[in-house]
Amino acid sequence: MSKDPDNPETIERTFIAFKPDAVQRGIVGEILHRLERAGLKISALKMIHASDELLEEHYSEHKGKDFFQNLVDFMGGGPVIAGVLEGVKAVSVVRKLVGETEPYEAAPGTIRGDYSHVSVEHANRKGKAVKNVIHASGNLEEARKEIDLWFDEDEIFTYERTDDDHIR
Ligand code: UDP
Ligand code: MG
């Protein structure tokens with residue numbers, strides 16, 4: 001199964017991960033529903049308790065920052081549900097649905113805005129990672145790196161959604 005979508009001009013694949021807070025709060029289904037409802041196709045989905053090595057590579061751009069170790073500890077503190085979503089300009093569409101990094105700033109209607117609210121300042125004062133429910137790749141390059149890192153080729157699927165004609 002190819003890692004590249006059928007039409008690389010507009011159809012993209014992006015990586016998401018429901019963070020341990022989402023899994024532990026039991027809100028994964030609700031949030032996945034929002035993404036599916038927007039017409040994004042689930043190309044891959046699995047639960048995984050990520051190792052420090054995987055998380056350090058996943059968040060390598062943040063290595064050396066104050067919050068790095070808290071972030072790795074948080075993300076490795078329980079299982080996550082990792083996935084690949086496919087759709088037209090899926091990377092930016094999913095970021096838009098996810099909302100801003102800081103829950104306090106994330107707009108209502110976005111996943112982070114609707115399911116979390118804390119400020120970065122509060123998390124820092126508490127010495128905690130910012131628990132913002134879901135990860136989504138920031139750009140196409142990051143998406144390719146993250147899909148490669150988290151998934152084997154044979155874990156990613158190509159199929160037709162019956163509503164494909166209407167949604168893309
Ligand atoms: N994070 C944190 N403290 C900060 C900034 C970020 O704990 O001061 C966490 C937060 O969970 C965030 C993740 O680190 O989602 C990655 O940060 P990034 O800036 O890449 O945000 P994202 O791409 O997730 O929106
Ligand atoms: Mg990021």
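We count from 1, first residue shown onward.
Keep in mind that glycine also has a Cβ here, set from the backbone N, Cα and C atoms.
Since this is a predicted model, take the numbers as computed values, not measurements.
TrEMBL lists 11-158 with the feature domain 'Nucleoside diphosphate kinase-like'. Per TrEMBL, the feature ATP binding site maps to Lys19, Phe67, Arg95, Thr101, Arg112, Asn132. Residues or ranges marked as active site, pros-phosphohistidine intermediate in TrEMBL: His135.
Taking each Cβ in turn and tallying the other Cβ atoms within 10 Å, the top scorer among the recorded positions Lys19, Arg95, His135 is Lys19. Counting in whole angstrom, Thr101 (ATP binding site) lies 9 from His135 (active site, pros-phosphohistidine intermediate) by their C-alpha atoms. Note on Thr101 (ATP binding site): other Cβ atoms within 10 Å of its Cβ, all shown chains, come to 13. Annotation for Asn132 (ATP binding site): same-chain Cβ neighbours under 8 Å, separated by at least 6 residues, are Lys19, Asp21, Thr101, Glu102, Pro103, Ala106, Arg112, Ser116. By the rule that a residue counts when its Cβ sits under 6 Å from some atom of ligand 1, the binding-site residues Lys19, Arg95, Arg112, Asn132 yield Asn132.
Sequence-distant neighbours of Phe67 (ATP binding site) (same chain, 6+ residues apart, CB-CB distance under 8 A): Ala123, Asn124, Ala129, Val130. Within 10 Å of the C-beta of Arg112 (ATP binding site) we count 24 further C-beta atoms, all protein chains included. A Cα-Cα distance of 9 Å separates Arg95 (ATP binding site) from the residue listed as 'active site, pros-phosphohistidine intermediate'. Taken residue by residue with DSSP, Arg95 (ATP binding site) is part of a helix. Of all residue pairs in Lys19, Phe67, Arg95, Thr101, Arg112, Asn132, the annotated binders of ATP, the farthest apart have Cα atoms separated by 21 Å. In the three-state DSSP scheme, Arg112 (ATP binding site) is classed as helix. His135 (active site, pros-phosphohistidine intermediate) carries a strand DSSP state (E or B).
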